[in-house]
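Trainee: I grabbed these lines from TrEMBL:
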- Gly165, Lys166, Ser167, Ile231: NADP(+) binding site (BINDING)
- 5-120: domain 'Tetrahydrofolate dehydrogenase/cyclohydrolase catalytic' (DOMAIN)
- 139-282: domain 'Tetrahydrofolate dehydrogenase/cyclohydrolase NAD(P)-binding' (DOMAIN)
Amino acid sequence: MARLISGTATAERLMAGLATDVADFSRAHGMAPTLAAVLVGDDPASRIYVRRKIEQCRKVGLGSIEHRHGADCSEAELLALIDRLNRDPKVHGILVQLPLPPQIDSAKVLDAIDPMKDVDGFHPVNVGRLSTGTGGLIPCTPMGCMMLLQSELPELRGKSAVVIGKSNIVGKPVALLLLEQGCTVTVCNRHTVNLPDLCRQADIIVAAAGRAGLVRGDWVKPGAVIIDVGINRIVGPDGKGGIVGDVTAEEIGHAAAFTPVPGGVGPMTIACLLLNTLQAARALRAAPDIRISDAAYS
Ligand SMILES: NC(=O)C1=CN([C@@H]2O[C@H](COP(=O)(O)OP(=O)(O)OC[C@H]3O[C@@H](n4cnc5c(N)ncnc54)[C@H](OP(=O)(O)O)[C@@H]3O)[C@@H](O)[C@H]2O)C=CC1
Ligand SMILES: Nc1nc(=O)c2c([nH]1)NC[C@@H]1CN(c3ccc(C(=O)N[C@@H](CCC(=O)O)C(=O)O)cc3)C=[N+]21
Ligand SMILES: [Mg+2]
C-alpha cells in the first residue's frame, strides 16, 4: 500500500515549533507578529478559509485582524485599506483572500501590497525573487507541497516531476521550487497533449488542476510520489457535502506515497501562512529604516 503523507500531522508539528518562535519574537519586541486578513464579498468557501486562518493564528500566538468588505466594495476602497495596512507598524502580514469580485482588478490589488508584508508571496517582487532564487516570501501552498514532498523524498535532485496546472498561485511557483531542488520539471495545462503518458514517466506528480479524479491509477508509475493540491467540492450519495482532490485516490495503491484530500496540502497551506507571517515580522524588524512607508508616515 502507498504511504499516506499526513498534512494534518506535519502542520501540527510545524505549528508547535512556530509557537515557541512566535513567543520569542513577542517577548523581544513587545508585540506579536500580526496578520491582517482581507475578505471581500460573501463567498462561503472564502469565509471559511479566512476564519480558519484566523483561528490558527491564535493557536500559535500570532495576532490577527480580519477586514471584511461587501461584494460591492470598490477597487479604490480596497486600495485605500491596503495603503493603511502597509503603513501600520502593528501589521506584519497582509493577505487578500482570492478570488475578488469582478469589479476589482486583482493584479492591481496584489501590486499594492508592500512586498515585505506579502505573506502569500503573490506580489511581482516576490514572484521575481522566487524565479531568480534570491529570497523573498514564498507562496504558502507551494511551500507546503515541498515540505510534504521532502518529508517523503529528501533528495529531489534528478527526479522527474510533472506539475498539472500553471496558475500563479500553485502550478508556476511549485514548478520553480521543484526546479530549484534539481528536479526536471514538466508544467502542464489544458492544452497539454497526452498528459497520461507524461505522468507515467514521472517520479513526482503535483496535481493542481481543480478537476475531481483527473489523475487515474494507470497514469501513475509504481513508486511515484503524488502531491494532490486539488480541492473539489462534491455531494455524496447520502446528500452530504465533502471535498476530494484531483487524484483518484482508490487507484494509486502502487504509488510510494500520496497526500490525501482533506488532510494533505490544505492544512500545510495555513501553517506556511503562519510561518510567513513570523518571517515577515522578523524581516520588518531587522530592516525598519529602509521602509519608505515608516519613514514618511509613521
Ligand atoms: N490545498 C490548498 O491549499 C489549495 C488548493 N487549491 C486547489 O488547487 C486547485 C488548483 O488551484 P488554482 O491553481 O488556483 O486553479 P486555476 O483554476 O487557477 O488553475 C488550474 C490550472 O489547471 C489547468 N487545468 C485544468 N484542467 C486541466 C486538465 N484537464 N488538464 C491539464 N491541465 C488542466 C489549467 O490550465 P489552463 O491554464 O490551460 O487553463 C490551469 O493552469 C483547485 O482545486 C484549488 O481549489 C488552490 C490553492 C490552495
Ligand atoms: N490570497 C489567498 N491565499 C490563499 O492561500 C488562498 C486564497 N487566497 N484563496 C483560496 C485558496 C484555497 N486555499 C486553501 C487553504 C486551506 C485549505 C484547507 O485548509 N483545506 C483543508 C480542509 C478543507 C475543507 O474541509 O473545506 C484540507 O484540505 O484538509 C484549502 C484551501 C487557500 N487559498
Ligand atoms: Mg497561499
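Each residue, glycine too, has its Cβ placed from N, Cα and C.
Annotations in TrEMBL come from automatic prediction, not curation.
Since the structure is predicted, the reported quantities are computational estimates derived from the model, not experimental observations.
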Trainee: Could you tell me how many residues in the domain 'Tetrahydrofolate dehydrogenase/cyclohydrolase NAD(P)-binding' (139-282) are helical, how many are strand and how many are coil under DSSP?
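Mentor: Residue counts in helix, strand and coil order: 53 helix, 30 strand, 61 coil.
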Trainee: Could you tell me which of these binding-site residues, Gly165, Lys166, Ser167, Ile231, has the greatest number of Cβ atoms within 10 Å of its own Cβ?
Mentor: Gly165
Trainee: Filter the binding-site residues Gly165, Lys166, Ser167, Ile231 down to those with CB closer than 6 A to an atom of ligand 2; keep them in sequence order.
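Mentor: Among the binding-site residues listed, those whose Cβ sits under 6 Å from ligand 2 are Ile231.
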